[in-house]
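Below is one structure; the comments refer to it alone.
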Amino acid sequence: MSYSSASFRKLNNVGISQPSQTTTTTTSANQPQSQSQQQPLQQSQQQHLHMKPNPHIPHHQLPGTVGTRTSIPQPALMASNSILTLGPFKHRKDLTRESVLSTYQIMGYIAAGTYGKVYKAKLKSNKLNKTDDDSGIDGINNKDIFSESMNDLHHDNSSSIMINTTTNITINNSLPQFFAIKKFKSDNHHHHINNNNNGGNHLSKGNNSIHQDEVLHYTGISQSAIREMSLCRELNNKNITKLVDIILENKSIYMVFEFCEHDLLQIIHYQSHPDFKPIPCPTIKSLIWQILNGVTFLHKNWILHRDLKPANIMVSSQGVVKIGDLGLARKFKSPLQSLYTGDKVVVTIWYRAPELLLGTRHYTPAVDLWAVGCILAELLSLRPIFKGEEAKIDLNNKKSVPFQKNQLQKIIEILGTPTTDIWNNLNKYPEYLSFTQHFNQNYPNNLSNWFKLINGGNNQNSEKCLELLSGLLKYDPELRLTADQALLHPYFLELPKVNENAFEGLNYKYPNRKIYTDDNDIMTTAANNNNNNNNNNNNNNNNNNNNNNNNNNNSGHQLSQQQNVQIQQVHQMQQQIHSQQLQSHGANSTYKRSGIDDLPGGIRKKRG
């Protein structure tokens with residue numbers, strides 16, 4: 001099948017490629033003029049059909065021939081170009097990528113968990129001028145962002161919540177001074193190949209060193225890291241921890257966040273000292289309002305946090321709440337699989353909603369509001385309200401989740417025994433049978449008595465605070481307050497007003513986070529990487545030296561071969577000159593056979 005040039009151009013315009021044919025074209029001096037004229041046309045057409053060839057890819061030539069080129073089928077040529085160009089791109093990307101230690105100065109680690117470690121760091125001085133102004137903390141703007149949030153929630157309602165934005169702390173939008181770098185543990189395991197050292201080989205704690213009898217197998221990026229990276233890149237809210245950067249270095253993932261000097265767990269522990277009084281009412285109100293504001297933002301974007309607790313609620317030195325640790329967070333709009341299928345156990349046990357304890361397969365954002373209610377109660381009493389003991393999962397049967405009897409017991413002792421009168425779908429939960437078997441006694445609701453007796457009966461919070469707490473701790477998730485409803489609760493309308501700075505009015509400062517420098521494995525890993533790089537550089541230098549020596553030897557061998565060729569050429573020239581001289585004097589083999597030699601001047605001499 002053949003195409004004319006006009007029809008071929010029409011096919012190009014509609015995106016139809018030329019039929020793939022494998023042909024061999026030979027170019028020589030005797031080639032007809034018509035074929036040589038067609039080559040520019042074919043080349044111009046191929047430029048429109050295919051990607052521009054990589055100049056580093058050599059032309060495909062047959063060995064031992066000159067001017068002969070074999071063509072590749074067009075789809076294969078396109079595939080090879082698109083694949084081979086990834087190599088230079090990755091190489092250029094690696095050259096421009098900067099390491100963690102070249103950008104940040106590590107001051108020590110501040111927290112550790114199953115996910116890995118969190119380090120406090122600051123930007124190096126040589127990077128300050130190269131960083132954009134919008135890459136750091138969002139900061140607190142001079143405008144009343146809280147009132148704007150309330151206007152979005154409270155469109156036509158005449159009663160609006162007034163937010164007190166006055167503060168004595170100087171706040172700006174400049175680049176943050178410190179960062180929190182979260183290093184995830186690699187999903188890997190060590191496989192022993194051979195062990196003949198009587199158990200002498202073992203991994204040293206806190207690093208990734210591998211001994212001679214072990215091989216490190218990487219199984220990929222953890223699900224927690226993928227969730228947190230994908231969600232934090234898209235979120236931008238005043239009360240959500242801001243992600244600054246993501247660094248991939250030597251199969252380790254580093255997430256760089258804005259740094260907060262405090263968290264609620266630290267504040268609660270500090271206030272629980274016998275010499276200190278309870279947390280002031282304005283501080284509690286401001287903290288809870290900001291938490292609800294961040295949760296509202298998450299839920300409006302179809303995100304469940306699923307791990308709200310005081311340790312995951314950060315507070316900046318300017319009194320701004322930042323919800324962090326989205327490792328268990330998940331989007332709940334049109335999920336491909338049920339929330340229970342992905343994670344059978346969510347939320348720390350003390351803050352876990354009763355529907356989760358009863359084994360629900362389908363839950364709603366109400367699980368986050370129950371956790372907020374537990375946090376509010378802990379801020380009021382300076383201790384967890386439902387401090388139960390978690391039943392551990394059987395290692396031999398990880399698919400089954402145990403019934404959390406003790407945790408339910410702690411909840412029932414304060415909120416009373418739930419019934420179908422106050423919880424319509426109670427008898428539809430998978431663990432309802434276990435619930436009826438273990439809880440036969442009817443407990444009354446003692447939340448109001450608990451509220452009056454906290455802090456030795458010295459509770460300065462109003463009844464509106466108790467109403468908010470009761471609305472957040474409803475058994476039935478359908479009757480529980482939503483984040484929007486909680487933000488509009490009358491508790492936030494009464495005095496004292498919600499402060500933009502939760503620490504406004506305090507005559508003391510909370511201590512900063514403690515920094516640990518005794519186990520700084522990020523530096524150890526970097527040192528090992530530098531040593532490996534130095535070793536690689538030394539090996540490369542040795543290889544280069546060997547190559548140079550080989551090149552010198554090859555060049556010397558080539559010189560000797562050239563000299564031998566020149567000597568042979570000289571001998572051949574001498575023989576040619578001598579034979580020409582003999583022919584000029586009439587010498588022939590007959591005279592030589594007869595024993596007569598030619599002498600100069602035509603004189604002959606008889607031998608012997």
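Every residue gets a Cβ built from N, Cα and C, even glycine.
Taken from Swiss-Prot, the feature region 'Disordered' covers 1-72 (among others).
Marked as compositional bias 'Low complexity' by Swiss-Prot: 17-47 (among others).
Annotated compositional bias 'Basic residues' per Swiss-Prot: 49-59, in sequence order.
The feature domain 'Protein kinase' is assigned by Swiss-Prot to 104-492.
Long-range neighbours of VAL118 (ATP binding site) (same chain, six or more residues apart, CB within less than 8 Å of its CB): TYR109, ILE110, ALA111, ALA112, ALA180, ILE181, LYS182, LYS183. Residues or ranges marked as ATP binding site by Swiss-Prot on the basis of sequence analysis: ILE110, ALA111, ALA112, GLY113, THR114, TYR115, GLY116, LYS117, VAL118, LYS182.
Residues or ranges marked as active site, proton acceptor by Swiss-Prot: ASP307. Secondary structure at ASP307 (active site, proton acceptor), as computed by DSSP, is coil. The Cβ of ASP307 (active site, proton acceptor) lies under 8 Å from the Cβ of ASP325, GLY327, LEU328, ALA329, VAL346, VAL347, THR348, each of which sits 6+ residues away along the same chain.
According to Swiss-Prot, the feature region 'Disordered' maps to 523-608 (among others).
The compositional bias 'Low complexity' feature in Swiss-Prot is assigned to 528-583 (among others).
Looking at ALA112, GLY116, the binding-site residues in this record, the fewest other C-beta atoms within 10 angstroms of the C-beta turn up around ALA112.
Within 10 Å of the C-beta atom of ILE110 (ATP binding site) sit 19 other C-beta atoms, taking all shown protein chains into account.
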